[in-house]
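Per Swiss-Prot, the features are as follows:
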{"type": "BINDING", "residues": "23, 95, 123, 172, 348, 391, 416", "note": "phosphoenolpyruvate binding site"}
{"type": "BINDING", "residues": "23, 24, 28, 170, 171, 172, 198, 317, 344", "note": "3-phosphoshikimate binding site"}
{"type": "ACT_SITE", "residues": "317", "note": "active site, proton acceptor"}
């Protein structure tokens, strides 16, 4: 029987939430530290299923990692060459581990088998593999063409230094290639073919690579130039920012319930694109206060939440939260340019539409968009399926702030990025029943 949690109708108290570390930054940092030529102490690392999969993989690859305290560990860099040249790596459903490790191992070469849960084997990787093969990598599909699982063999340098790659399915493919090619010591030029989605995630990658000593020239997100003789050198200490995508639920709570909610761990100078979510809330009725290490959202009780029509390409994960915010408005809301939702942890456009309809919303799905017309009052005690997708579970918790109880199936799927989410969410709410 599926485990579930019932959230009673509630309203948040004025609250402060300390965010867990960013998944995007945590897994990038772990891999870059492992490939550096020195030792790096990482602070505030996210503890989650996805980071556990990366840590397990690095251990199997021979990387020495000292666990010092919760959220703090010391990574002994390998100088850009993993000690173990053969390994079987299970990476769950962690795209932030699977894609970058695929590229790094393909560039270094060896005898590696990479696989995951069934959903990971439905998430495309062909555009990345195509680019790696142009760079001389030996990557073989072990199941369906263009999808994991994969076998990686020895790379043969064919002398090709201009690598085209598509960026319209997932920006993680470009991230993986950017992080891997410096391991060759050769100068490379990566050229985008077609549109690049989710550019803010590429900004995270480039800023972290710079912190690890590799400066990539970004020519308008069309061409990326990797210098010759590049190598990774880690900072002695690196602090992981709080998770900006995870912040979206609490910031939305402040807007929906017209109560000040502050998150700490991110701020005005965050390197994560999803901090732009707060700016989108500001456009539809929120008051936002920015600090160096916090963001606070509230709303005057007499001010309505405004409907929106948003191109959400820049905040694809946080945009899911806006789909719930739509129910706090009185008109049809639209999220556009969200085609990447279809290749995430689940097919998110269809999943979101299915569950919003259970609440009485009228929903129109398109290939790259979703249109949501809110009901007068959401259906109470709707049973929400989460599709083993952490963001579905966290998003729909906000329904309890709209005056009705809601039942969330499989709440433990939040362990992917935010294991304590429901405890934290409950701690900042007062039951209205």
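Quick reminder: no glycine exception, Cβ is built from N, Cα and C everywhere.
On the structure: features taken from Swiss-Prot.
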residue : record                           : Cβ contacts under 8 Å, 6 or more apart
28      : 3-phosphoshikimate binding site  : 96, 100, 175, 179, 204, 205, 208
95      : phosphoenolpyruvate binding site : 120, 123, 170, 172, 344
171     : 3-phosphoshikimate binding site  : 196, 197, 198, 199, 201, 202
317     : active site, proton acceptor     : 245, 248, 274, 391
348     : phosphoenolpyruvate binding site : 320, 338, 341, 342, 389, 391, 392
416     : phosphoenolpyruvate binding site : 23, 48, 49, 50, 93, 94, 345, 390
Other CB atoms within 10 A, centred on residue 391 (phosphoenolpyruvate binding site) | 30
Quick tally, other C-beta within 10 angstroms, 23, 123, 344; top of the binding-site residues is 23
Pick out which of the binding-site residues 172, 198 has the most other Cβ atoms within 10 Å of its own Cβ.
-> 172
May I ask you to report the DSSP-based helix, strand or coil state of residue 95 (phosphoenolpyruvate binding site)?
-> helix
Is residue 317 (active site, proton acceptor) helix, strand or coil when read with DSSP?
-> coil
Mapped onto three states, the DSSP assignment of residue 344 (3-phosphoshikimate binding site) reads coil
